[in-house]
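TrEMBL has this to say about the protein:
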COMPBIAS  452-461  compositional bias 'Acidic residues'
REGION    452-477  region 'Disordered'
TRANSMEM  7-28  transmembrane segment
TRANSMEM  48-66  transmembrane segment
TRANSMEM  73-93  transmembrane segment
TRANSMEM  99-119  transmembrane segment
TRANSMEM  131-155  transmembrane segment
TRANSMEM  161-181  transmembrane segment
TRANSMEM  202-224  transmembrane segment
TRANSMEM  236-253  transmembrane segment
TRANSMEM  265-282  transmembrane segment
TRANSMEM  288-309  transmembrane segment
TRANSMEM  330-350  transmembrane segment
TRANSMEM  356-377  transmembrane segment
Amino acid sequence: MVQALTPVVAVLIGTGFMLAGYGLQSTLLPLRGEVEGFSALSLGMLGSAYYIGFVAGCLFGPFVILRSGHIRAFAAMVAIGSAAALAFPLLVAPTSWSLFRLLFGFCIACLYIIVESWLNEKATNKTRGQVMSAYVLVSFGTIMLGQLAVTLYPIQDFAQFALASILLSLAAVPIALTTSGQPAPIAVVRFRPFQLYRSTPAAFVGATGSGLILGAIWGFGPVFVTSRGFSPNEGAIFMSLCFVGGALGQYPLGRLSDFYDRRLVMVGAMVASTIFAVILGQTASPNWYVLGGLGFAFGAMAFPGYSLAAAHAFDLTQQEDMVETSATILLLYGVGSIIGPLIAAVVMQIAGTGGLFIYCAAIQLLLAAFIALRISLRAALKTEEKSDFDIYSTATVGGAITPEAVDESHPQMETPEPAETVESEFDHLVETAGFPVPDAETDYDDILVPATDEDPIDAFGDEVNQSGRSAPDKGRH
């Protein structure tokens, strides 16, 4: 295990800091927005803006990475995200906060692409399972810790935003100092949502519906708790319980779907989450432990919906189309997460904060009805026709991981031309100055400066002048 993770330890550490900052900010902003008097619609705009940026990052992020390389793109996105985290308390208004969230969402999407493509290249077929399992564990764990970090300072304190910025900034350190070479150019994948719908409507609707629900929960979950008379700290803990429930529910439901029709498992989970959502929405002032337990149970049934939809899509996808399918499912999740907070905000303005979970229950019932209809129209796959449930390729983190190394000859992949180097010109100038040019087998202890009557710097200057450029001034240092 240690040997498998050694090549990617810097990337995993950077990912941990990045997602801790993300988890902190995602929980902090709804709570702080409520303190600032933002309306439900304004809070919904914050959630939607983040996912607009996230979808834009999925679409255009690869081109940023192609232009700059993984390490420089990572540093740039971390710097922008860190600056955005500090900008929130400086301009407190729904419009400016939405702009900052959009920018932050773009950065996070780019960082996900960088991290996941890096891990995918460094992992071999033998170690990929260990590497990606560690990645998902780090991701879930640090997001949860970031959520709990909200409890360290009062919601009104600038320290909350400073801590988020610090965590994001620290993410760049292990990446910038790594001695490992950066990955090969990233692949740009086309998105084909209509083709996915024709192939597997249940996966298409399931992934989009998961975004509709989880986007709203991320945007309004903490506010729902505080509206029930609990503290902001308890709101942060509630979100962590939902998240932990979702993380723990992934594998059991996934494995169950290996032996039964995945769509049937999806329907069962949706019906169960509907029951928990109705109880949450209709309970006026529950005991804190009851509220936390219901949040955990709701998360365990609702959060794995994306993973089950992705696994069902992979069952019906050819190996050469896996990358495209994975990227399209993640895009659909993002689109659903853009729309979800806005619809939930309208429902909450009409029905109160309890409308958040009434909205979730309604969406889950509609999804369950649609998928049940698909079960009646299309026979289930046999167990031997399915691929085994794979938590790291079906989770919302790790969702864009390519299952194998990138095939640059694939017609759906675009890779840049190799960048020109200056090595040949440098070697020529060194030879002109009278120094031998070492090769890979040269013993550097045997290299001696040749005796010459001409100053090597003068020779260098003459050569540069012949090329039409100015020679260096030996008097300046």
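Yeah, the Cβs are placed from backbone N, Cα and C, and that goes for glycine too.
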With Cβ distances under 8 Å as the criterion, find the stretch in 48-66, 99-119, 236-253, 330-350 that has the most pairs with the transmembrane segment (7-28).
99-119
Same chain only, please: residues at least 6 beyond the ends of the transmembrane segment (265-282) with a C-beta under 8 Å from a C-beta of the stretch. Say none if there are none.
202, 206, 224, 249, 253, 256-257, 291, 294-295, 297-298, 301-302, 304-305, 308-309, 312, 354-358, 360-361, 364-365, 367-368, 371-372, 375
Would you kindly list the residues that approach the transmembrane segment (73-93) from elsewhere in its chain, counting only those six or more residues past its ends and only Cβ-Cβ distances under 8 Å?
14, 18, 21, 25, 29, 32, 36, 64-65, 67, 100-101, 103-104, 107-108, 110-111, 114, 158, 161-162, 164-165, 168-169, 171-172, 175-176
Candidates 48-66, 131-155, 288-309, 330-350, 356-377; stretch with most C-beta pairs under 8 Å toward the transmembrane segment (161-181):
131-155
Which sequence-distant residues neighbour the transmembrane segment (131-155)? Criterion: at least 6 residues beyond either end, Cβ under 8 Å.
4-5, 8, 12, 15-17, 19-28, 31-32, 35, 115-116, 119, 122-123, 163, 167, 232-233, 236-237, 239-240, 243-244, 247, 391-393, 395, 397-398, 401
Between the transmembrane segment (202-224) and the transmembrane segment (236-253), are there at least three Cβ pairs closer than 8 Å, leaving out pairs fewer than 6 positions apart?
yes
For the transmembrane segment (48-66), give me same-chain residues lying six or more residues beyond its boundaries with a C-beta closer than 8 angstroms to one of its C-beta atoms, as numbers and ranges.
26, 73, 76-77, 98-99, 101-110, 112-114, 117, 185-189, 191, 211, 215, 219, 327, 330-331, 334-335, 337-342, 400, 415-416
With the transmembrane segment (288-309) as the reference, find which of 99-119, 236-253, 330-350 contributes the most Cβ pairs under 8 Å.
236-253
